[in-house]
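As recorded in TrEMBL, the features of this protein are as follows:
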COMPBIAS  7-18  compositional bias 'Pro residues'
DOMAIN    40-247  domain 'Cation efflux protein transmembrane'
REGION    1-33  region 'Disordered'
TRANSMEM  38-57  transmembrane segment
TRANSMEM  106-127  transmembrane segment
TRANSMEM  143-164  transmembrane segment
TRANSMEM  191-210  transmembrane segment
TRANSMEM  222-240  transmembrane segment
Amino acid sequence: MSHQPVSPSPRTTPPSPRPEQGDAGRDNGPGKTKGSHVVVYVALAGNLAIAVAKFIAAGISGSSAMLSEGVHSLVDTVNEVLLLYGLRRAAQPPTPTHPFGYGRELYFWSFIVALLVFAMGAGVSLYEGIVHLRNPEPARSHLIAYCVLGVSIVFEGISWVVAVREFRSKKGRMGYFQAFRQSKDPTTFTVLLEDSAALIGLLMALLGLAGAQLFDMPELDGIASIGIAGVLAFTAFLLARETKGLLIGEPAHAHVTDSLLRIAASDPDVRAANGVLTMQMGPNQVVAALSAEFEDSRTTPQIEACVGRIEAAAKQQHPELTALFIKPQTPETWRARRAQIESGAEPD
């Protein structure tokens, strides 16, 4: 639920905690998704090239960990394609059947990405690791495998740096984990998590392959593959948890709520700006419902004009605001309804 911040206007608004400085996603106007596209395109190009190289190296060397990494990169490549498709679908304008737009479609495809990471990435890696443990075979052509792993680390590292820079530009003063939990754009944090998992997986594959060669224990290659499966499963869990919240519905960042209340409270025809409920419909799409009490002496045309001024000012300051509903309501009624919502009681 959205917070009820303090308004600087002399008119009354309910108090609330101070908003977090540097909210993730503060730059959420319509033109701010370009950076997300760049991150996904860089990751797509790198993962596609790496996947081909890993599969070739796995076929030559017979390494289970290398095959798991090939599957990992292939899944990441498919995921990037799905994210780009989701970005394109989410950018569609509203229609009569979808009056608030298609922004949540990006959240749907991001959730599918999490399922693919778990089912295809973690599942196949776990299977390959178990098979290799039960029937261990020494790897061949270690030099080729090492070269592919080294090149893969370089390319994944480049993609990871691009993703980190984009994520850092959006997180403001918050820590990385807090920004990840509060982010409304799944593309950046999905690529960042996938690239982080890829680098960890590459190091595991390198250690497993080297350990199997040095100690003449091919089982270590299978153990590395199982370790990669664990990393992918954990990554899938994080992605699924965050995208599920976005898909079900989360409020916009606190600064949006604060701003809407300030705009409403500053209008001369508004006696009290009571509170705002918001819903994030996409990375750059927000729907808001404002509760306000108007001056008793105002006529219907004056109230309509006041609503128009509030809407115009709100959309000018927040281009991501796709719809703003304003409900005439006394502060007492708002507090009672808000208490019902917070307690989980059925509305009257």
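Each position is counted from 1, following the chain as shown.
Cβ atoms are placed via backbone N, Cα and C, with glycine included.
Ranked by Cβ pairs under 8 Å to the transmembrane segment (191-210), the stretches 38-57, 106-127, 222-240 are led by 222-240.
For the transmembrane segment (38-57), the list of distant contacts is 63, 66-67, 69-70, 73-74, 76-77, 80-81, 83-84, 87, 141, 144-145, 147-149, 151-152, 155-156, 158-159, 162-163, 166, 187-188, 191, 194-195, 198: same-chain residues at least six beyond its ends, Cβ to Cβ under 8 Å. When Cβ-Cβ distances below 8 Å are used as the criterion, the transmembrane segment (106-127) is approached by residues 68, 71-72, 74-76, 78-79, 82-83, 85-87, 89-90, 186-187, 190, 194, 225-226, 228-230, 232-233, 235-237, 239-240, 243-244, 246-247, 282-283 of the same chain, each at least six residues removed from its ends.
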